[in-house]
Amino acid sequence: MQTQFIKTIEFERPGMESGSSCVAHAWARTPATPSPEEKIALKDRIRHLLKEREAVLVAHYYVDADLQDLAEETGGCVSDSLEMARFGRDHPAKTLVVAGVKFMGETAKILSPEKTILMPDLDATCSLDLGCPVDEFHAFCDAHPDRVVVVYANTSAAVKARADWMVTSSIGLKIVEHLHVQGKKILWAPDKHLGGYIQKQTGADMLLWQGSCLVHDEFKAVELELLKKEHPLAKVLVHPESPAAVVALADAVGSTSQLIHAAQTMDAPEFIVATDNGILHKMKMAAPGKIFIDAPTAGNSATCKSCAHCPWMAMNGLQNLLDVLESGRNEIHVDPEIGRKATVCIDRMLDFAAAQKANVRPSSDLAKEQKLFSGIGPA
């Protein structure tokens, strides 16, 4: 098997003051790609150890297709970060193996403090998490004590511990709308694009932390318009972590689960997809026969026309998954006090969703497609 390699990644790191940011650097360790024969052997050993260790595998839509398939065929879960944690909480397994990025493992631990939470690579992080350091976030909150603090799921446990509400991309609109009706002013973190989208849809008074997802931030509106002309029958599916100019070109705006459902149910032969291309595996399974095209990124540092894949999601592989099952290493720990505080904002969201009996809210420009979004879970 070839040797893994390290690559340096640039991302935007905002400061406390709204609008100020600098270029920061992080790294990702890309695992080697096993041969077909090695894949078979690795999967067989992983299946055996999951059963032997009384463990269950949960994987995000953005990780490698082999991991997604393995999670499903062994009775695990392939979903969004919150549903991964919910599934792990409700599953009888004593050990939960999370194939994703670190905040997902932390959320799983917060919801299941009594369980062992393992991850293939503890260094798999997120630019939204990195771009919202807890000390600066505390200072930001302290500077605006009159605002309700609402944070996106893509944050550390320590940031969640300071929040009044945690939201996912599918229920964020409803929660902010609820707070807006109550006359609340909101401090939002960390994704400026998702926050701006929700602000536009609800009219809420929102002060936005200026973070962004390095994958979604790279989608380009001009190139997307050109691609639409090349594929006139295609519908455009966009995650709201994308820039506003890209969202404006969408036929459907939504969370990962919502976009998969839209691909399955919308009457179109082709779809241009503006989110991490790891989702295409699930879309192709949900809508066989339809064609899926990566939305163009082509950023300044890009080496491909569309290279929309999170480098940290790519750190999850079959070999390091096997390694943690064999060794028990890479366990997620959350300080009990931080976990207790973070539970408050998560439970508040879950209680709100249960009371509403509606976990999603399509964007206003999708009123004609309301039926497509009934009964979809959070993402």
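Quick reminder: no glycine exception, Cβ is built from N, Cα and C everywhere.
Per Swiss-Prot, the candidate among Thr74, Thr95, Thr256 that belongs to the iminosuccinate site alongside His60, Ser81, Tyr152, Ala153, Asn154, Ser169, His239, Pro240, Glu241 is Thr256. Site annotation (Swiss-Prot): [4Fe-4S] cluster is bound by Cys126, Cys310, and the candidate from Cys77, Cys213 recorded at this site is Cys213. The [4Fe-4S] cluster site is set by Cys126, Cys213, Cys310; from the centre of their CB atoms, other residues of the chain with a CB within 8 Å are Val101, Ser127, Leu128, Asn154, Leu214, Val215, His216, Asp276, Trp312, Met313.
Around Cys126 ([4Fe-4S] cluster binding site), the C-beta neighbours below 8 angstroms that are at least 6 residues distant in the chain are Val101, Lys102, Phe103, Asn154, Cys213, Cys310, Trp312. Proximity of Glu241 (iminosuccinate binding site) to non-local residues of its own chain (separation of 6 or more, Cβ distance below 8 Å) is seen for Ser169, Asp191, His193, Leu194, Ser212, Cys213, His216, Asp217, Thr275, given in sequence order.
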